[in-house]
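A.B. asks: Starting off with a structure, shown below.
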Amino acid sequence: AGEPLHVRLADGPDRCAGRVEVLHLRRWGTVCADGWDLAAARVTCRQVGCGAAVAVPGHGRFGPGPGPVWLAQVRCSGEELTLGQCGRPGWGQHS
């Protein structure tokens with residue numbers, strides 16, 4: 001199941017590349033790169049309609065987001081349909 005998450009990619013060269021951002025409390029925030037891997041990217045690309053994930057650029061490649069860090073330590077198998085189905089700590093819990 002998992003909760004529905006509104007997800008977008010920001011500040012990339014096109015709509016299918018960029019910093020991963022999620023909407024929470026009507027405010028866009030970022031997903032921390034700690035623990036982020038190709039499985040999580042695969043789920044995100046699928047959710048935003050961009051097909052297969054091809055790479056996970058290094059930390060901060062697309063710059064820091066203007067909002068809060070909403071999610072960290074996202075754990076996906078890569079088979080989930082949405083990022084909300086992946087395991088993670090609660091909102092805003094990051095180091």
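Counting starts with 1 at the first residue shown.
Just so you know, glycine gets a Cβ as well, placed from its N, Cα and C.
Pasting the relevant annotations from TrEMBL:
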type	residues	note
DISULFID	CYS76-CYS86	disulfide bond
DOMAIN	7-95	domain 'SRCR'
A.B. asks: By DSSP, how many residues in the domain 'SRCR' (7-95) are helix, how many strand, and how many coil?
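C.D. replies: With helix first, then strand, then coil, the domain 'SRCR' (7-95) has 13 helix, 20 strand, 56 coil.
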A.B. asks: For CYS76 (disulfide bond), what residues in its own chain, 6 or more apart in sequence, show a Cβ-Cβ distance under 8 Å?
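C.D. replies: The list for CYS76 (disulfide bond) reads ASP37, ALA39, ALA40, ARG42, VAL43, LEU83, GLN85, CYS86, GLY87, given in order along the sequence.
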A.B. asks: Taking every residue in the domain 'SRCR' (7-95), what is their average pLDDT?
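C.D. replies: Here the mean pLDDT over the domain 'SRCR' (7-95) amounts to 89.
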